[in-house]
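J.: Have a look at this one.
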Amino acid sequence: MRALLSFLVLPKTISAFEARHLRRTNRLALAFFALHVPVLMGVAWMNGTRPWLALVLALAVFAGPLVACVSLSNPRSISVVHGMAAMFFGGLLVHFGQGPIQTEMHFYFFSLIAILAIFGNPIVIVAAALTVTLHHLALWFLVPRSVFNYDAPVWVVAVHAMFVVLESAAGCHIARSFFDGVTGLERLVQTLRRNQDLRLLLDNVDQGFATIDRHGILSVERSRAFDRWFPDAPDTIFVALGSLAPDFAIRTQLSWEALVDGILPLELLLDQMPKRFATAETHFDVTYVPIESVAGESPEKFLVVITDVTAEVRREVSEREWREVLHLFERLTSDRSAVQEYFEEANALVAVITGGEELDRTTLGRKLHTLKGNSAIFGFETIANICHDLESTVADGRQPTATELVRLSDRWMVVTSSLERFGTRRRIIELEEHQQAELEEEARLTSPWLLPRIRDLRLEPTRRRLDLFAEQAKRIAERLGKEVDVEIEDHGLRLDPRRWAPVWGALVHAVRNAIDHGIESPYERAVAGKNPRGRLVLRTMLEAERFVIQIEDDGRGIDWKAVEARAIQLGITPSSKASLEAALFRGGLSTASETTELSGRGMGMGALLDATKLAGGVLSVDSEVGHGTRLRLIFDQASMVLDVSPLAERASRSPAAA
């Protein structure tokens, strides 16, 4: 019964298309019924059955549809009234058509029942069928001659009713089919319109849109931007990406296979998908959006959104370069000589790295690592990032290509241009070199006690370098979410900046290691019972006729077992503490679990050892797990300056040296 009612009763919602159709059909039906008035009068006149009565009764029946059209707002309700009125008009036709063809007049009922299917509403057919059945039954009792032109028994009425039921069943089916067909056509039209709107949208956006299934197969519908970037109509997203960035496509396919396996959460896997690739001139971002599926099941479709972010990348590069220029200006105003020395050393490193001479992996890695560290100190992030990328290439076991090296040389030309704008290509001192020499000679002859102080003009306070390291240590700690207090003890010592520049340049690796590997996070330190803020001490001092540079932290200390295990992996078998310390400074040895822009390649400490040996010094390290590490660079006091007696005297008077 529920299925029958569902078939007969239409959904409550009346679409705009159905409303327009019913309004038009109802108006036509009203006009059709209006014509019945003169027709019925004519039939009555021809059969002598009182035309004026036909006029009155026809107008009475016509009043029903007319009032319904005026007063009812629901077009379906008006249609039902039309169905009932049609049967009443049929009854009048049969009544006033009494005569030899009165029986044939009954065909009007069957014709009208069929025509009523045009309303597309089975209830209209049902209402008409009930009306004609009750009409025949009532008049058969009251006025038999109004229905049949002979004395028909009741079973004849039943036969007529049976035929009405049969046709009504067929009429209901036709009406419902008409409704469903029209509704389906309307849905199709709406779908086509939505598709046209969607096509218009896809053709006018700057992003590449496409859908893929779990196998990466692309759908036919794609945005115009997608087709413009991938014009060869690829079958899969991997082929599409491979046409622009083969390496990116391979990484994408590998990540997608993990996603399809579904072992890890979908959100995590989507977040780990490769996101950005670049061609010669264009940068693209790629995102994947799962399309909703049955609750609890993995999505079968994904929306791929590819965005041209070239303008954004260029803006970021421009902002970064502008920040570098500002940082350079700040450095120049606070320490012009340090910037000059950075430029001279970095210029030499860039010349060696990009000069075309093939270097062994260890040497190239150390030079890149040193250039990266020094550039980071002076705020040249772009140079540091390029060096990091080149380090990754070397770590993968291959030599950088000419194109990759051109990135470094081109960027260095930009840095050089910035330096030239501020006049730092030539060394700026208070006196010309010959004037300095003349002044020293004059002091030696006339005022020997002034000679050490005049010579000091050539030297650089170690405090200046230690301040730079302190600043970098704090910046690295902030990036890593750590807290550190940096103490500086320079003891008023001064050095020849040119002679000691390589040592200072390499020492940056030790500072970075102390923060990255040594100092723990505030949480780890709190658990270990330490002050959440780490402590880093930077010292230069004279000790037993030795000049010492010392870096000391109170971090986690060196894990010597991890060093030994890593050394064994590299084919080294430490047999003593000295050999274990030597392994620590071997190129390529790192206990870090991952490589970052800060550390993890094992090149920095090797570079520091080389610079220390070149300056005639030795390295020593003292570390205790859980308590920290002390790194000492030890040189002969005589290597500092030609005449160190004033420095020794000044250091001996320093309270810190006491």
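Every residue, even glycine, has its Cβ placed from backbone N, Cα and C.
What you are looking at is a predicted structure, and each value in this text was computed from that prediction instead of being measured.
Pulled from TrEMBL, these are the listed features:
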TRANSMEM  26-45  transmembrane segment
TRANSMEM  52-73  transmembrane segment
TRANSMEM  79-96  transmembrane segment
TRANSMEM  108-132  transmembrane segment
TRANSMEM  152-170  transmembrane segment
DOMAIN    330-429  domain 'HPt'
MOD_RES   His369  phosphohistidine
J.: Under DSSP, the domain 'HPt' (330-429) has how many residues in helix, strand and coil?
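T.: Per DSSP, the residues of the domain 'HPt' (330-429) fall into 76 helix, 0 strand, 24 coil.
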J.: Return the count of C-beta atoms lying within 10 angstroms of the C-beta of His369 (phosphohistidine), excluding that atom itself.
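T.: For His369 (phosphohistidine), the count of other Cβ atoms within 10 Å is 29.
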J.: List, by number or range, the same-chain residues at least 6 past the transmembrane segment (79-96) whose CB is under 8 A from its CB atoms?
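T.: For the transmembrane segment (79-96), the list is 22, 25-26, 29-30, 33, 36, 40, 43-44, 47, 49-50, 54, 57-58, 61-62, 64-65, 68, 72, 102, 105-106, 108-109, 112, 115-116, 119, 121, 123-125, 127-128, 131-132, 135, 139, 143, 146-147.
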J.: The domain 'HPt' (330-429): mean pLDDT?
T.: 79
